[in-house]
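Reviewing the structure listed below.
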Amino acid sequence: MSSKTRYYLEQCIPEMDDLVEKGLFTKNEVSLIMRKRTDFEHRLNSRGSSINDYMKYIVYETNVDKLRQKRVKRILQSSRSNSLSDWSIQQRITFIYQRGTNKFPQDLKFWAMYLNFLKTRGAKTSYKKIHNVYNQLLKLHPNNVDIWISCAKYEYEVHANFKSCRTVFQNGLRFNPDVAKLWYEYIKFELNFVTKLINRRKVMGLITEREQELDMLNEQNDAAHEDEEKATSLQAPSTGDNMKDKLNDLPEADMSMLGNEETNPALRGDIALAIYDLAMKTLSKHYINKHKGYYAVSDDATNKELQKDALLFLFEKSTEYIKLFDAFTDLQRDHLINHVLQFWKNEISQPLQEQLADIYVSIIIMDITLNIRYMTLETLDVDQLQLSVKKYFAYKEKFNKKLVNSLHSRYRDYLQDTFLKNMEESDPKFNILTMVVKKL
């Protein structure tokens with residue numbers, strides 16, 4: 001028996017004595033447990049150990065703890081008392097996970113099991129402990145965006161630690177500026193944050209800035225009494241690039257934002273829009289660099305084609321953002337989408353309109369229908385419909401024949417599929433819509 005194995009087994013003696021004294025296990029059962037632990041420790045400390053050995057050890061210790069808990073309820077009942085054996089097995093499982101991750105740091109499945117184990121323990125696991133595990137994991141795998149997203153969601157959804165969540169996303173983007181998924185989740189978080197802030201004020205009836213200031217003061221006083229561990233921020237390894245400066249230039253948002261959507265742009269989602277602008281610029285740059293290659297022959301034709309491919313890629317991502325904006329019913333969705341449309345109107349120059357006809361017409365259709373986008377059959381406003389039609393004719397005058405035909409068919413299909421198809425002929429708006437479609 002190695003000295004390390006002997007040391008680990010000796011740590012079990014007080015726990016075994018406690019289990020016997022409480023009458024939860026007999027001496028023979030304790031001997032069998034120790035024999036089994038000895039076998040597992042020999043496997044773990046051998047050169048040929050595998051991650052499966054650690055998993056089997058954890059499963060065994062979990063089953064022992066479940067048996068102990070059942071016997072505590074049946075044997076001890078009202079005479080329960082806190083002692084070493086109440087927490088020692090859980091500590092041992094944690095220690096096995098630590099040893100496994102140290103020996104097999106590349107096994108992400110085992111890391112996920114470790115984090116899940118810590119999270120499911122609830123208050124028995126400290127915030128700082130999970131924090132440290134995420135820190136260790138991110139230092140080993142800084143280019144795995146799923147880990148960054150998991151860490152950020154834990155900060156936000158479990159501990160409502162908005163600033164720490166924002167820091168996690170920004171650190172993740174410094175390492176992975178070319179990953180669209182991470183930008184998407186960052187924007188989604190900012191929209192969720194603003195929505196939660198607005199809804200909280202609605203529920204509490206906080207209308208005036210004075211009421212908001214008093215609520216902020218109460219929040220700060222409550223936060224002062226929380227566990228200091230929650231003030232710990234995640235430490236990420238340094239990237240040494242200029243992405244940090246770009247992200248630091250983003251406007252800050254926290255629970256201290258005063259005003260309303262009309263007086264404070266941040267409450268309309270402008271922070272998410274600032275991130276969107278930076279995402280488009282960054283993703284475009286990395287897409288072109290990735291496909292251009294270090295030694296590729298560069299000429300005007302190649303650059304134009306590459307620029308076109310980059311725009312197709314960015315438009316695909318932009319449609320995902322628009323679908324995301326649609327889901328946030330408490331925000332000014334038309335304001336968010338209009339920002340995206342304006343970006344694309346500026347991005348697609350006159351020469352590119354023919355080459356990217358489908359994209360360009362899609363953008364124009366969204367612009368034309370934006371003011372009626374969220375209207376139903378019951379809420380359809382005739383004045384807003386007329387405004388939409390006027391925008392259609394304004395664009396129609398500027399387009400060539402090919403683009404006009406595409407614009408006409410798509411706008412007509414939109415009105416028919418969204419309204420006319422489900423509208424009763426007896427509805428007064430039916431005749432108006434029918435005339436509009438014929439007029440197009």
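Even glycines carry a Cβ here, placed using N, Cα and C.
Among the ranges 222-247, 404-429, the one that TrEMBL lists as region 'Disordered' is 222-247.
Note on the domain 'Suppressor of forked' (112-189): its mean pLDDT in the predicted model is 93. For the domain 'U3 small nucleolar RNA-associated protein 6 N-terminal' (9-92), the number of residues in each DSSP class (helix H, G, I; strand E, B; coil) is 68 helix, 0 strand, 16 coil.
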